[in-house]
Amino acid sequence: MGIHWWSWQVVVPGLSLVVLVVATHLFVTPLVPTFSVDPNALVIHRINGTYEWNAERDRSCEKEHGAVVYRNATWKADVGCWLSQCGNSSFPIPVVEFWRNSCTFECDGRGVCNKELAQCRCSVGFSGVGCEKVINRKCNKGVTDEQPYGSWGVSVCPGFCDKRTAHCLCGNTTKYPDRPLAEACGFHSKGNTGEIDWTKADTDYIYGNKSYQGWCNLDAEDVHDKNIRVKLPQCDCKYDGQWGVVCESPSESFCINQCNLNGICHQGFCACRKGWYGVDCSVPSYLPPPVQRPKWLPQEAAPDVSDETNRISVASNIMKKRPLVYVYDLPAEFTTQFLQGRHFKFECVNRLYDVDNATIWTENLYGAGIALYESLLASEHRTTNGDEADFFYVPFLQACIVEQGDAAPHLTFQGKYMGLRQYFAGDYSKQIYFHIQQNYPYWNRSAGRDHIWFFPWDEGACSAPKEIWNSMMLSHWGNTNAKHKASTTAYRADNWDLIPPEWRGDHPCYDPAKDLVLPAWKFPDPYPIVQNLSSRHRQDRPTLFYFNGNLGSAYDNGRPEPGYSMGIRQKLAAEFGSQPNKKGLLGRQAVDDVVVQAQRSPQYKLELSKSRFCGVLPGDGWSGRMEDSILSGCIPVIIQDGIHLPFENVLDYESFTVRVAEDNIHNLITILKAINEAQVDSMLAVVRGLWQRFTYHYAVKLEANRQKLKLNKEDLWASVQNSLTGDDAFSTFIHVLEYKLHTDTWRSEMKQPLKNYGVPDNCR
């Protein structure tokens, strides 16, 4: 739970894989360990060049030591001990991967076949087993005489409504029919106020008049050469795949794993070329030659025994290590149709592409869902054989549906859902649950306990429907509800307290015994890595404590709600604010080496790297401050009672964080100054050893490889990310699954065929 001001525990990570040894006289200043220590008890021994388990020390490892170092990270003893023995001694096993069945008319060119169920996964605007049904969606809702375009919504349209996507376009009567006419672009403003009049279309601007060609008829050359008026930002290119002043420049759009270069990307949907299937065109209909295999099918697999000419589906033995994860190929209305229906290209994705099709990484905080999905689909831990699978990942793109809630009439969360986005999104989760239960045998055999769902929104799985709570929940918000038993957001649309209890059930937001908190997505900025900011030592960090972020209503542009951040940020500012508030006042205990400011610094990352301790406080639920701290090499100071941070139930947080109780904020500086230099150095060293676990560089490297293949170049971000060799968030997630596979006691109660688990017997 972090180092506390009344008791410290020191961690010293070695350069090689060693067990953590804590001794009372390790430093000049005596320390008080929280457990008895046998200095001679080395848990992990190097034997024949590898690290093997010392069974005699098993008990002392788990009960006497506070942490174990494994692959440069300090783990809780039980997890670290198991991984140190069994993580290094697991071996590949043969797994049958096979593809069978076919779909009606191969989906009539409107979708991609799920060959396991013989059902089509349809592009937006189509549905049905063979994509035979056409779906018409509206752009305008609540149309009346007084409101000829209906009440405002992101999809509101004075032009042509594309009924597949509910996007607003110029239409076939114009010179550029596919040019977007999104939201405010085609409407009048009220006087000089800038306020939009949603009842009056600006037809002169849209279609032109005697003196003006009109937005939908303008040539890009005229705009650039003649300086013709364009309404910006109202008429910018909001839809994916378009750039330029009048959206004249096409680009590649976002798709899952960019279709693995085995298909064509249509704004989020992969139209796979013949012989390839799946949401990202990564499943072949036959086992290709080694050089053509997708990443999840290793080249060491069985030789190609299929008939490439006739593309006959066959079973193939593939050598893989557990844990094996089956990724559901869900109906497209739960996955890619959300991507195709985005009204703002930056929503719910972690990258876009410029006019040269070079990668543009985004700052979208919810991008971890995409990173994890793509990583699983490409990982050698993936299997298409559900009978061999150890875990089942449900790839519901929840961030997409929450961000798009109420954007179009078919996505309204009013009425039944009472304006609650999480209730609305949760109903999709329930529909997916019914789909899985009715179409696959896997849920019922474990009551869903081996299934995994990702709830990336502000308060994580608090709003999960009761039917799926048995599953492993991934989130960014580890609220155990030990203290904060109700919704902590100040934003009503996300308040899960208002969801009917008979729908949600009575579960906590997070159960550390089964769930996992993952790091949030952070833009893969190469410059802090090139400048080695995370490796600054204590002597190069003059600032004692640093926090930069929204501090509430006392400051300009601050959140007005008293409940924002549960009032924690406001308390911190009242004590230590280093920037004058609206009244011109500093915090009561403001000092020079403590920075607490509301105005975002342009040197934010650099200032973090010059600080010893950095604040980790909530916003509307989770914030990304833990990741900011770790990636800058700063010791996180966690001020949120009973709420876990990323990997806190598996990593030894006492070795690299400080926890301060919410009611003890006024003593913050006293607490931090009481931590001696040796302890600070030790914690900084631990952060330096594990910072890559708070990145998603596995997914970033996948994109770097695609860029190399497509454009034959390697940008700075790609070369820097490719240089990283430590475990990232995805590999840490796999480590946790591996541990859970062999230690979750409920698995012994399941009735299933005996499996080859690829570990020594004493690991199970």
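Just so you know, the numbers here start at 1 and follow the chain as drawn.
Using N, Cα and C of the backbone, Cβ positions are placed for all residues, glycine too.
Annotations in TrEMBL come from automatic prediction, not curation.
Of the listed residues Cys113, Cys122, Cys122 is the one TrEMBL pairs with Cys131, by disulfide bond. Within the set Cys86, Cys113, the cysteine that TrEMBL bonds to Cys103 via a disulfide is Cys113. The distance from the Cα of Cys103 (disulfide bond) to the Cα of Cys131 (disulfide bond) comes to 10 Å. The number of other Cβ atoms within 10 Å of the Cβ belonging to Cys131 (disulfide bond), over all protein chains shown, comes to 26.
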